[in-house]
Amino acid sequence: MKLFIILATATLLIAATQATYPRDEGFDLGETQMSSKCMRQVKMNEPHLKKCNRYIAMDILDDKYAEALSRVEGEGCKSEESCMRGCCVAMKEMDDECVCEWMKMMVENQKGRIGERLIKEGVRDLKELPSKCGLSELECGSRGNRYFV
């Protein structure tokens, strides 16, 4: 009887977790709203966008930690520069609107997971990515304001 109760409780916890934190096959899209057009673009560019994640992690975290994590996740980045190049490929292939939505998703998904200081550093790095990739400054936001997270 105790075993049944434990198994039933575990099953409910797993079901509740999956309902609360819906996951896509790739990125954790969390509860961030993204247009279907941008969702498609993110999915199509997911391998390269993962390199954006790795680039930012390498920049704000200890390089050895990020390198080990990169190997485990198979991102294929040997350096910050190689991650940035892969990231730029995705950003150049996506509409500006979708790059903006993706950036917002990235920040929203990290809130509560990492410290405030790391969030600020990550936001700074995200804002710099378009210029590092040779793209014009993104105009994100409903009123044409510069991108603000």
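In case you wondered, yes, glycine gets a Cβ from its N, Cα and C as well.
Of all ranges given (17-24, 41-48, 121-128, 137-144), Swiss-Prot attaches the label region 'IgE-binding' to 121-128. Between C133 and the candidates C87, C88, C98, Swiss-Prot annotates a single disulfide bond, the one to C88.
Of the cysteines C38, C52, only one is given by Swiss-Prot as the disulfide partner of C87: C52. Taking the C-alpha positions, the distance from C140 (disulfide bond) to C98 (disulfide bond) comes to 10 Å. The C-beta environment of C38 (disulfide bond), restricted to residues of the same chain at least 6 apart in sequence and closer than 8 Å, consists of M94, D95, E97, C98, E101, W102. Residues 55-56, 59-60, 103, 106-107, 110, 114, 147, 149 of the same chain, all 6+ positions outside the region 'IgE-binding' (121-128), place their C-beta atoms under 8 angstroms from a C-beta of that stretch.
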